[in-house]
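The structure appears below as structure tokens.
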Amino acid sequence: MLTKNNSLLSRLPARISFGLKISNKNVNSTYSNVASAYCEGATYKKNGVSRLQNELLSQKTNNETIPVPLQHFIRPAAKHSIFTQIKGYGERSRPEFERPITLEELKSLDYESGKHFVPQSFSDTFAYLIVKGLRAFADLYFQKDYVRRVVVLETVAAIPGMVGGMFRHLYSLRNLEDNGEAIKKLVLEAENERQHLLTFLAVLKPNVLDRMLIKLGQFLFFNGYMVFYFVAPRTAHRFVGYLEEEAVRSYDAFEEEILLGHIKNVEAPRISKDYWNLPEEAMLIDVVRAVRADEAEHRDVNHKMADSKSFSLAHNPY
């Protein structure tokens, strides 16, 4: 109980005392759900409903009118609209997929088929030969089973972007400077490759042998590429550029196998329709074309990063 003459009230911080209700007429004073936060915007209980809930309920549901701190409380209205809500890590790699795209538009996307960067130096040649060796192994192991091929290889395809983004992120932190949009570009690339994996997992689940290969491949490739990037980051980007060239070739062959009837053209998974804004009638071949366009974008991004003669982690080509 607080008395009328109690000096404690005068010493209470303003941000706490606003939660006390003092009666000047009565000797006794009552509490009205004392605020528990010491920062601005603190939530406190009043009549069983939090202040934050009251603010949230009073706002319009249009994301453009809701203050940024409250936007993450709003759930998407559409059933499968999560990819349209996420910004940053959920963005598509190509602007064509930021809006609904028709199957004809998808088919006519210019991904510059056959585009190849001719090695200009010893490091470029070194990166190219490594990729050709990896391609030979993949061809020998998977043959023309392209669904299995992409499920396994997309598990390692998502590693380079994350490693490159991590190194640039650490550079920015230790040098106390902003090195631009390259971090976001690389991390987005990694997330985009992960979406490729999740899409094809809806078509085919890997067998026991493939799962063992995936675990071993992740261990070897992650550690190997991390050392590679630490020693020669420019060459590492050239290496990824060549990897993506081979990925485009693989998806060209994947598309051809579907057209020839060697691979069943099943309905596109739900996740692919949401992620690439594909129409409801989209099929597997349309997913292949969308993924191929992404790979072409990654090819160009990594070759562009490697093209700088004065390459550094501070360099930002975007």
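Even glycines carry a Cβ here, placed using N, Cα and C.
For E154, E193, H196, E295, the entry in Swiss-Prot reads Fe cation 1 binding site, with the evidence type similarity to another entry. Swiss-Prot lists E193, E244, E295, H298 with the feature Fe cation 2 binding site, giving similarity to another entry as the kind of evidence. Swiss-Prot lists 150-170, 212-232 with the feature transmembrane segment.
This view paints the features noted in Swiss-Prot onto the structure.
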residue: E154; record: Fe cation 1 binding site; DSSP (3 states): helix
residue: E193; record: Fe cation 1 binding site; DSSP (3 states): helix
residue: E244; record: Fe cation 2 binding site; DSSP (3 states): helix
residue: E295; record: Fe cation 1 binding site; DSSP (3 states): helix
Rounded to a whole angstrom, what is the C-alpha distance between H298 (Fe cation 2 binding site) and E193 (Fe cation 1 binding site)? 10
Do any residues at least six apart in sequence from H196 (Fe cation 1 binding site), in the same chain, have a Cβ closer than 8 Å to its Cβ, and if so which, in order? V150, E154, A157, V291, D294
Round to a whole number and give the Cα-to-Cα distance in Å for the pair E244 (Fe cation 2 binding site) and E295 (Fe cation 1 binding site). 6
Which one is it: of the binding-site residues E154, E193, E244, E295, which Cβ has the fewest other Cβ atoms within 10 Å in this structure? E154
An 8 Å radius from the center of the E154, E193, H196, E295 Cβ atoms defines the neighbourhood of the Fe cation 1 site; name the other residues of that chain inside it, in order. V150, L153, A157, A158, N192, R194, Q195, L197, A247, V291, D294, H298
With the Fe cation 2 site defined by E193, E244, E295, H298, which remaining residues of that chain have Cβ atoms positioned within 8 Å of the Cβ centroid? A157, E189, N192, V240, L243, A247, D294, A296, E297, R299
CB contacts for H298 (Fe cation 2 binding site) [other CB atoms within 10 A, all chains]: 27
